[in-house]
Number of protein chains: 2
Amino acid sequence: MGSRRDFVHKLTVSAVGLPVLGYSTSLENYLPTFNSAAQLRVAIMGLGGYGTRVANAMESCKRAKLVGVISGTPSKIKTWQSKYGIPEKNCYNYENFDKIKDNPDIDAVYVITPNGLHHDQVIRVARAGKHVICEKPMAINAAEGEEMVKACKDAGVNLLVGYRMHFEPRTLEVVNMRRNGEFGKIMFFQGLSGFTIGNPDQWRLDKKLAGGGAMMDIGIYSINGARYMVGEEPIWVTAQETKNDPVKFKEGVDETIQFQLGFPSGAVASCLSTYAMNYLDRFFLNGKDGFAEMQPSTGYGPIEGRTNKGPLTAPIVTHQTVQMDAMAGIILNGEKPPIPVDGEEGVKDLKIIDAIYEAVKINGRVIL
Amino acid sequence: MGSRRDFVHKLTVSAVGLPVLGYSTSLENYLPTFNSAAQLRVAIMGLGGYGTRVANAMESCKRAKLVGVISGTPSKIKTWQSKYGIPEKNCYNYENFDKIKDNPDIDAVYVITPNGLHHDQVIRVARAGKHVICEKPMAINAAEGEEMVKACKDAGVNLLVGYRMHFEPRTLEVVNMRRNGEFGKIMFFQGLSGFTIGNPDQWRLDKKLAGGGAMMDIGIYSINGARYMVGEEPIWVTAQETKNDPVKFKEGVDETIQFQLGFPSGAVASCLSTYAMNYLDRFFLNGKDGFAEMQPSTGYGPIEGRTNKGPLTAPIVTHQTVQMDAMAGIILNGEKPPIPVDGEEGVKDLKIIDAIYEAVKINGRVIL
């Protein structure tokens, strides 16, 4: 791949800090544009399915470049080296990756490992002086998340969470309309997030590695979506768990949870998180003067939806390409994302997850 | 209007007790058809907006005929008499309507008055020996409903509840598919029922007359819908109330309630009842092998929707016309409705409403 440092685009940001959404089919109209020729050199930690997806998406990045890997599986490292042209000196395993500190050719590590490992790994990366991008959930509870935020602050590195939807143009189209008051006073958000999970032996169904079940993996999209769609932080949580298959979904691994959120304005949210239903990916936002509905709302493919004013028309993009280019801008140039993606944002989601699990346990309302 | 006694249609009922749905545009293919030439002669009690809607719809009925009125407003009676050709001898007020007992030209009374009045009025009609159709909610709590069921049983008259959706062809199209297993094991139902209520002085916002707020008026559609869409009776209820306007929505008059239901199979439902949001009328049913979504799902106009197999195609009808013809068949010929509409059915909804209000009060789960 040739260098892309020659790409320089004008920065177009609206008064509310959102990129101006050009409702045309031109990608250039939307994308956060570039005020620096620098490129973020990224190592990916964890070469599983999602790591591969990110690596492939980064092939099209203008400001981020995959340059290194961290994996416990030598054969995977070999494959990635030849596929993505990664030099031997940028390859690490889980024992020796603290040495990344001495590698001047890596700026940041994208941690894409099981949730339960994020805390220790992120702190190790921070202590190695590298910026961290951490897949969500950033940790398995808010206390862990806060330790990670502190460690990164202490080390003077950025900590970003893999919120790809925070850069997705159609999501931003809706958020922008909401911020501009086009739906009027927001009253209700509904998020349905789930799918039928397969192989019962995967880490996502292992309490220690996953930190929970569907909520940690897919329910978090409805939590995070409730926050950016409503535009407020919830003040209370209620939740109800249902477990139909206690063999597949062991103690501490949630199968299906319905949860509700209340916001300071009086808006409410009603959400579903499940590993036991076919692909369910729907957002609905209802305001006094309008509505938005998205389906799919957070899947990897094209986001589709409409508002009371018509279909969503912002460009369809590869989420991770846009995310990584935007995160490069945040890390390299201090650019402001349309919706926060820092560690504090990740902790906010985890506090809600903690509250949901607590609400299930006490079978009542948890005040945030 | 000429007599319609000459209409005789063949009865076409499927093995599961549902009318066979002919997926054509021909209304005749769907409608419960007639095995008797008899006609149900109905008096309407309560000549408000919905009473007028029912009266107009009955103009197109084949087996039900509006023949009498009961009202506290003499001028309304006059208007109705001239509009619908109602003889003086079939007109009553709220003081003297027990005398309907001596009127051989009225078979049934359709009670369309404020909810809080249903209990006493239905019992009086039953004691006058007339069949009763009672608008929903049939009463303001389950105890009242059970007394009404008993009174009608004791009097040997039918008690039917105004469940127009139980006869609506597109609703039955979905219910039929669910009964035939076309969606597989049912996992999730979502019902959003609400609108922004206007005039704060109306009886619907008066606790004594309404028995509650949005839940009694519009939330009941999601309750009832959950039951007929899932095809089970819930075993637990949780609920969360939000009140943003305590002036308009006084003590005991609910503005917005989110509620959740759990079913014996493990299916769950997530519903919204509100008087504070713009027209919200959505059902979503999710099974292991398919789904159905309807929007509008219970409004008076055409029901629109689709399943994983395509758009709903059953005929669009005037709900109340079909309802009243079908109810005539139930009362006159003992026909079986596609989904029950008797007093016991009404009590089931009220038990859930009681449980929702209790769940709000205790801020916890109520076992049914």
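Cβ atoms here come from the backbone N, Cα and C positions, even for glycine.
Copied from TrEMBL, the annotated features are:
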DOMAIN    A:40-163  domain 'Gfo/Idh/MocA-like oxidoreductase N-terminal'
DOMAIN    A:174-291  domain 'GFO/IDH/MocA-like oxidoreductase'
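Note: the domain 'Gfo/Idh/MocA-like oxidoreductase N-terminal' (A:40-163) comprises 57 helix, 26 strand, 41 coil (DSSP; helix = H, G, I, strand = E, B). Along the domain 'Gfo/Idh/MocA-like oxidoreductase N-terminal' (A:40-163), the predicted structure has mean pLDDT 98.
Secondary structure of the domain 'GFO/IDH/MocA-like oxidoreductase' (A:174-291) per DSSP (helix as H, G, I; strand as E, B; remaining residues coil): 30 helix, 45 strand, 43 coil.
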